[in-house]
Amino acid sequence: MNVKPATAKISSLALKHNLQVIKEKAPHSKIIAVVKANAYGHGVVFVSSALESMVDCFAVARLEEALSLRSNGIIKPILLLEGFFDEKDLPIIAVNNIETVVHNREQLEALKRAVVPSPIKVWLKIDTGMHRLGVSLDEVDYFYQELKKLPQIQPHLGFVSHFSRADELDSDYTQVQLDRFLQATKNKEGDRTIAASGGILFWPEAHLDCIRPGIIMYGISPTDTVGAEFGLIPVMNLTSSLLAVREHKKGEPVGYGGIWTSPKDTKIGVVAIGYGDGYPRDVPEGTPVYLNGRIVPIVGRVSMDMLTVDLGADSQDKVGDEVILWGKELPIETVAKYSGILSYELITKLTPRVITEYVD
Ligand SMILES: *Cc1c(COP(=O)(O)O)cnc(C)c1O
């Protein structure tokens, strides 16, 4: 008997394949690979090392993430998507060849005061309609002029903006945002970037100088389609195994609250994964898992360490058999649809208890 607990199997071949697909979609753009949140749960050092020769820059959301890449041997530039949080960090940013976004006056003023060992590369973040971060359109010229004067930063600025509805193919808001971005940066020197995964797949005019792929690198669609429709391959297969196979009588409930009772005699499979591993607790009855070449439904409530599936009366499944929660055989987008939880959230919520295994 060998029951392997929850394991995320990560494929570098799939990762490289997806990068190639992305390059073909945007052949004239540089690639800023987004590896924030531990590379969307895939392991930031592994992913960045695997991709370093194929990309121009990495992007993260926190300085700690950038420094962890540096201490693990990554040498390509790293962009802080939300900029620096504390002006005391500016010398560290300069020394480590980290690039920063500037999105507000506080950051501008901090840069003016800063004493840094070498000039920092700065990207001006422009709010074109997301209304979350960025300087407003009528402040762009002011920030541009002010930044240009600073000896603390490199003479070549970059320009960043972010779409709020790039996944909605019938919305004209993306075009509005793109027009605003081009207008605001017209006659200004420096790389422009506005497209993340949705922009890359659906808005080729938005590719500009650099693209910022996140979720599609991991083989996952940013919309309610599946990644395979765009030629992408899931990088993660989330697996576990059967911890028990039990005879179950018609009319008997299973699990906490007894929320499901079986309409017939059957066999119940107990799978060694639960919300303590980051598998969502609130999935409806019938949410699929993949086992021995077929889909079986989750029944009863997901608990912390286990969940239960209806294997059917004739099942030949054995303790130790591998179960796939999401991956090539069962797209995470399908689980997202059942659970009402975005793929982005599912993939980043796995807990440290899940074993990470790097295959190929
Ligand atoms: C997270 C993020 C991205 C990547 O988004 P995806 O939809 O995963 O491709 C790109 N740019 C910014 C500013 C982000 O915060």
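Cβ atoms here come from the backbone N, Cα and C positions, even for glycine.
Straight from TrEMBL, the features:
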| type | residues | note |
| --- | --- | --- |
| ACT_SITE | LYS36 | active site, proton acceptor |
| MOD_RES | LYS36 | N6-(pyridoxal phosphate)lysine |
| BINDING | ARG132, MET304 | substrate binding site |
| DOMAIN | 235-359 | domain 'Alanine racemase C-terminal' |
| ACT_SITE | TYR256 | active site, proton acceptor |
**Fill in**
Taking all protein chains shown into account, the Cβ-based neighbour count within 10 Å for ARG132 (substrate binding site) is 11
**Complete:** Checked against DSSP, the composition of the domain 'Alanine racemase C-terminal' (235-359) is 20 helix, 46 strand, 59 coil
**Fill in**
Over the domain 'Alanine racemase C-terminal' (235-359) the mean pLDDT stands at 97
**Message:** Rounded to a whole angstrom, what is the C-alpha distance between TYR256 (active site, proton acceptor) and ARG132 (substrate binding site)?
**Reply:** 41
**Prompt:** To the nearest whole angstrom, what is the C-alpha distance linking ARG132 (substrate binding site) and LYS36 (active site, proton acceptor)?
**Reply:** 18
**Prompt:** Where does ARG132 (substrate binding site) sit in the DSSP three-state scheme?
**Reply:** coil
**Fill in**
Quick note, LYS36 (active site, proton acceptor) and MET304 (substrate binding site): C-alpha atoms separated, nearest Å, by 27
